[in-house]
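A.B. asks: Quick one: structure below, then a few questions.
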Amino acid sequence: MSFVKVEEKIDFSYHNLPYGVFSTLDNPRHRIGVAIGDQIVDLSVIKHLFSGPALKAHKDVFEQPTLNAFMALGYDAWREARKCLQMLLAADESTLRDDVSLRSRLRLPVGYHGRASSVVVSGAPIRRPQGQMRPDAAQPPIFGPSKQLDIELEMAFFVGKGNKLGEPIPVEKAHEHIFGMVLMNDWSARDIQAWEYVPLGPFLGKNFGTTISPWVVPMEALMPFVEPNPVQDPVPLPYLHHDDPYTFNINLFVAVKGEGMQEAATICKSNFKFMYWSMKQQLAHHTVNGCNVRAGDLLASGTISGPDPESFGSLLELSWRGSKTIDLGNGETRTFLKDGDEVTLSGYCEGSGYRVGFGLCEGKILPALQQ
């Protein structure tokens, strides 16, 4: 069964999921969708979730104005797409059900306020957090150490010049307030987060630790690696719209080394250019209501995931929510982090005969404290 409520005698049930081409008043572009009840799942928005072997290299078929390209992929792709959709729409699956960003992420850079007290520099250990979880939906919540401790590959920028309370920073001037960037690992306890975050967002699932790299790379050093902004559809509202390039070609890597391993295994290769919203847009949105920022404030990018499975920036994505293992070599596998695991984020821009790098962003998992 699905979390989408469908009347018993409605044609388009969870067991049907017919394909079609649609458009909307606010987005007249024709693209592919799947009907369930009286709603349409826009496959162009969730195309990144189709990462199986038959579809991972052909996700753009869901952007097409006809079904022809998708149909031409053949039986394996059809079957894989249906299996993925049924998983995403299942009653116990929260990826689409609870992700508000899937409804608004193309309209605004979705974010939440964090805290500075547990932001630590590279090398500081991270203790496994404890909190409430509900592993069995039929049972009351339990308290204990997180069993789904995760990483998030992110970058962050430091505010240089601030603004006065009540005075927004215009998007066309936002670059004047962005001093430089660091790598960030926004550690996450997925089982704690899943139980607590509706409706007000993450709390104990996030606030136990965030690691940043120690050297702040100034934006001037990154400007030779600027790239055109991604096409944004629908076009952002005027306060978020800017044409000047402010996306950067920064190669990013995540490596994990378990206890007893001789070498770390690289589990993710991504790039900052995959971000949909620019830092200028982030800062303009953050301050548009008059919120003031100050020198030293830190704004994070959110998880950086590319179009291919190897570019997914979290274990949650890499392991398909824990349903498949991540190979670390020599018989070692992971779905989520174990005690003793060492995680290293690294990143650099590649010039002609030189690099502009960020150093390392490292952290080791310590066992939870005994209660």
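Positions of Cβ are set from backbone N, Cα and C atoms, glycine also.
The model shown is predicted, which means the values in this text are computed figures rather than measured ones.
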A.B. asks: Just to be sure I read the record right: E152, E154 are listed as binding Ca(2+) in TrEMBL. Which of D186, D191 is listed for the same site?
C.D. replies: D186
A.B. asks: Could you tell me which three-state DSSP class T210 (Mg(2+) binding site) falls into?
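C.D. replies: Once the DSSP labels are grouped into three classes, T210 (Mg(2+) binding site) ends up as strand.
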A.B. asks: Taking just the CA atoms, what is the gap between Q193 (substrate binding site) and K206 (Mg(2+) binding site) in Å?
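C.D. replies: K206 (Mg(2+) binding site) has its Cα 7 Å from the Cα of Q193 (substrate binding site).
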A.B. asks: Suppose we draw a 10 Å sphere around the Cβ of K206 (Mg(2+) binding site). How many other Cβ atoms does it contain, all chains included?
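C.D. replies: The answer is 23.
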A.B. asks: Rounded to the nearest Å, what's the C-alpha distance separating E154 (Ca(2+) binding site) and T303 (substrate binding site)? Just drop the number here, would you?
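C.D. replies: T303 (substrate binding site) has its Cα 5 Å from the Cα of E154 (Ca(2+) binding site).
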